[in-house]
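TrEMBL has this to say about the protein:
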DOMAIN    5-75  domain 'MIP18 family-like'
BINDING   GLY124, LYS125, GLY126, GLY127, VAL128, GLY129, LYS130, SER131  ATP binding site
Amino acid sequence: MIDRASVITVLDAILDPKSGQGLVASGLAKGLTVADDRAGFAMEVPVADAALYAPVRDAAEAALRAMPGMTRVSVILTAEAAPAQEPRRTAGLSSAAIDQTRAKAPVPTDRPAHVRRVLAVASGKGGVGKSTVAVNLAAALSARGLSVGVLDADVYGPSLPTMLGLSGKPGYEDGAIVPHEAFGLKAMSVGLLTGAGDAMVWRGPMASQALTQMLTQTRWGTQAQPLDVLVVDLPPGTGDVQLTLIQKTPLDGAVIVSTPQEVALADARRAHALFQKVNVPSLGLIENMTGDIFGRGGAEAEAARLEIPYLGDLPLTAAVRQGGDAGTPVVIAEPDGDVAHRFAGFAEAVAGALGL
Ligand SMILES: Nc1ncnc2c1ncn2[C@@H]1O[C@H](COP(=O)(O)OP(=O)(O)OP(=O)(O)O)[C@@H](O)[C@H]1O
């Protein structure tokens with residue numbers, strides 16, 4: 001278990017080149033999250049200082065990774081710029097593409113263009129199957145005839161590339177990122193910009209906050225063919241990083257995933273409280289991995305306590321895990337199976353709540 005105090009000690013041993021103070025002491029490290037085996041924070045610097053701080057970001061990441069027991073590290077460096085002065089840089093784009101964006105990139109707005117609804121899938125606790133639910137719920141919404149996109153915003157461990165069998169950097173056209181497509185779903189992941197399998201590493205300056213950029217600069221839909229719903233797979237947890245993200249993302253509703261045991265439910269409660277804080281309706285709680293190991297029914301009782309809809313449960317089954325590993329979500333691989341049937345029910349409830 002990593003503790004916050006030792007993370008702060010490690011970060012304060014690295015000096016902010018401008019103030020000469022440690023990264024935490026100087027206030028440079030923002031939204032520091034420390035949980036079990038992971039840590040992350042963001043540094044926001046003026047674009048003119050981006051080159052100065054890139055090695056600082058690298059040093060902080062290396063120092064955190066070297067801590068015993070640390071498995072996931074996310075250090076985000078964002079540079080806020082006046083768009084006219086600096087090219088918008090997106091990790092993985094060629095310099096020609098970047099130059100092209102100078103003239104053509106739309107100014108990011110809060111809401112992604114041509115997207116009717118934005119739905120978050122969240123969990124207070126990691127590893128409860130949030131990404132599995134996000135991808136299969138997206139597939140089930142698509143099976144209802146809706147046009148659907150999935151944005152993997154899980155900066156700690158992007159799993160969408162594996163779950164949908166995606167690889168390769170996204171294309172870029174007329175100033176917009178062209179999302180990948182899989183099984184009829186539009187898909188974007190931090191993992192596609194930074195290299196699959198790695199924790200998120202943003203190198204170099206970015207014109208705007210990294211995820212806002214993916215949200216608003218990806219061509220999810222067009223005027224003629226708007227996207228009905230964008231499913232956003234949020235990073236697990238209820239800390240500052242999550243709060244900042246949901247404050248920056250125009251969400252129409254959230255689905256919370258939990259396993260049945262109390263420790264996960266306590267975190268689901270915190271996730272609900274976080275959404276309440278920013279006036280995003282919790283559209284329902286899904287209990288995942290129901291069965292002999294974790295028990296059952298905990299989430300249903302919790303949903304009743306929180307006065308939010310209980311959408312149902314998902315058993316712990318090999319088909320669900322295999323679907324994720326093989327890159328074909330179980331809802332698509334076994335459309336007539338029990339799991340697909342359950343997701344059809346979740347999708348019906350969610351689409352209804354979103355007015356779709
Ligand atoms: N109902 C289930 N039955 C069997 N395996 C499952 C089930 N739900 C999820 N899994 C498996 O559990 C693992 C974790 O799931 P997933 O990546 O969706 O969790 P997560 O909450 O998004 O995790 P993280 O906190 O890392 O983002 C994956 O290998 C997935 O295939």
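Numbering starts at 1 and runs along the chain as it is shown here.
Backbone N, Cα and C atoms are what each Cβ position is placed from, and that goes for glycine too.
Note: TrEMBL annotation is automatic and uncurated.
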Taking ligand 1 as the reference and 6 angstroms as the Cβ limit (strictly under), which binding-site residues among GLY124, LYS125, VAL128, GLY129, LYS130 are close? VAL128, GLY129, LYS130
When the domain 'MIP18 family-like' (5-75) is classified with DSSP, how many of its residues are helical, how many are strand and how many are coil? 27 helix, 21 strand, 23 coil
Determine the most Cβ-crowded residue among the binding-site residues LYS125, LYS130, using a 10 Å radius around each Cβ and all protein chains in the structure. LYS130
When neighbour density is defined as the number of other C-beta atoms within 10 angstroms of a residue's C-beta, which of the binding-site residues GLY124, GLY126, GLY127, GLY129 has the lowest density? GLY127
Proximal but sequence-remote residues of the same chain as SER131 (ATP binding site) (Cβ under 8 Å, at least 6 apart): VAL121, ASP152, ASP154, SER159, LEU160, MET163, ASP233, GLY324
CB contacts under 8 angstroms to VAL128 (ATP binding site), restricted to the same chain and 6+ apart in sequence, sorted by sequence, are PRO236, VAL257, SER258, THR259, ALA264, ASN288, MET289
Other residues near the ATP site, CB within 8 A of the CB centroid of GLY124, LYS125, GLY126, GLY127, VAL128, GLY129, LYS130, SER131? SER123, PRO236, VAL257, THR259, ALA264
Could you check what DSSP calls LYS130 (ATP binding site) once collapsed to helix, strand or coil? helix
